[in-house]
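Novice: Here it is, the structure in full.
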Amino acid sequence: RCAMDWQVLTRELSLYLESQVRVGFFGSGVGLSLVLGFGVAYACYYLNSIAKKPQLVASNDRFCRFLEEYCPVVTETYYPTIWCWEGRVQTLLRPFITSRPQVQYRNELIKTADGGQISLDWFDNNDSSYYPDASTRPTVLLLPGLTGTSKESYILHMIHQSETLGYRCVVFNNRGIAGEELLTPRTYCAANTEDLEAVIHHVHSLHPSAPFMAAGVSMGGMLLLNYLGKTGRDTPLMAAAIFSAGWNVFESVESLEKPLNWLLFNYYLTTCLQSSISRHRQMLEKLFDMDLVMKARTVREFDKQFTSVMFGYRSIDDYYEDASPCRKLKSVGIPVLCLNSVDDVFSPAHAIPVETAKQNANVALVLTSCGGHIGFLEGIWPRKCTYMDRVFKQFVQAVFEHGNKIFSM
């Protein structure tokens, strides 16, 4: 009996579908209903599960009120691009989707104590109508990511945002990756802050009367945090902004070594590291087995054979422990705003030092549910401004124009 009923139902359904095809799927209204139904269901899911207000973690009530008033973007709902909100997708697409504002740099090479050189790219903003006096024009020092330079789209967007506010920018390019020659067999790492200290001292000495702050992205943010943890209040920087930092290097490399993440990010990043040093092979061969370095297939292998050896660590674990900013966060002595997405495979959510941040009145964490690594895309076609760009612009402006309200913390 049941089998006969099923056969009748199947036959009737088939006849119905055939009639719908003859009259036209959408013409009948069934197709349109299905599309509308799916659209409504997806919109409900997006609004309930994807679009959320970021979590603001800060123990200092004054800092919280300051951010709510002068950097309100950190308390507003973040609406990721509706068709690419997943972390990996945002990370992969951002470099291809976002525009690249035109920026004219002035390059400067400065010498270091060990005989090396560092390339700085200046955006002087001499046409600034808000700050026509160059001696007091606010200055933002920008630190790109692991293999990034002043040409990265996220750096160009930060400069564009600063330009509209009348500020000056200078980009700190790590040794050997911005086209300049290596004068010594040394590059850079997230733990060693000597070059950053030299750059900060140099920039401040050129404009001692200018308000001065810094912003670091990814490894640039890690380096900046490690510097701030080392110097405490003894720095000419007024404040700092950190974006997509890897807080615990052990957890970061473990996440990046998962099969899918290795395929999408780890192997490519390793080849970028190898490419950045291959041009200096003749200089580096004085100290390293470059053939072995070039065989690395993960960031961990590269760091084991190259980075940790270069900076004199006994083991890669010693290097990773020293490079992890989470271990120095308690010592940060100036206001710092840190933006991370909890779906960033470069910095897993469980490794973000929420409890440690609560113990330092100078630190505020802004955690979004989506955004990936340096992604934070928003809008239907996110070519221009990202959520990260808006956080940068509002916080930098807040510090330079209203900073006296938090510096008494």
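Just so it is clear, glycine is given a Cβ too, placed from its N, Cα and C backbone atoms.
Straight from TrEMBL, here's the annotation block:
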type	residues	note
ACT_SITE	Ser218	active site, charge relay system
ACT_SITE	Asp344	active site, charge relay system
ACT_SITE	His373	active site, charge relay system
DOMAIN	138-379	domain 'AB hydrolase-1'
TRANSMEM	23-47	transmembrane segment
Novice: Just checking, which of Ser218, Asp344 (active-site residues) has the fewest C-beta atoms within 10 Å of its C-beta?
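Specialist: So among Ser218, Asp344, the active-site residues given, the one with the fewest Cβ atoms within 10 Å is Ser218.
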Novice: In sequence order, what residues of the same chain, 6+ apart, have a Cβ less than 8 Å from the Cβ of His373 (active site, charge relay system)?
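Specialist: Within the chain, His373 (active site, charge relay system) has Cβ neighbours under 8 Å at Gly87, Gln90, Thr91, Ser218, Ser244, Ser341, Asp344, Val345, Phe346, Ser347.
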Novice: Taking the domain 'AB hydrolase-1' (138-379) alone, what is its mean pLDDT?
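Specialist: Value for the domain 'AB hydrolase-1' (138-379), mean pLDDT as a whole number: 97.
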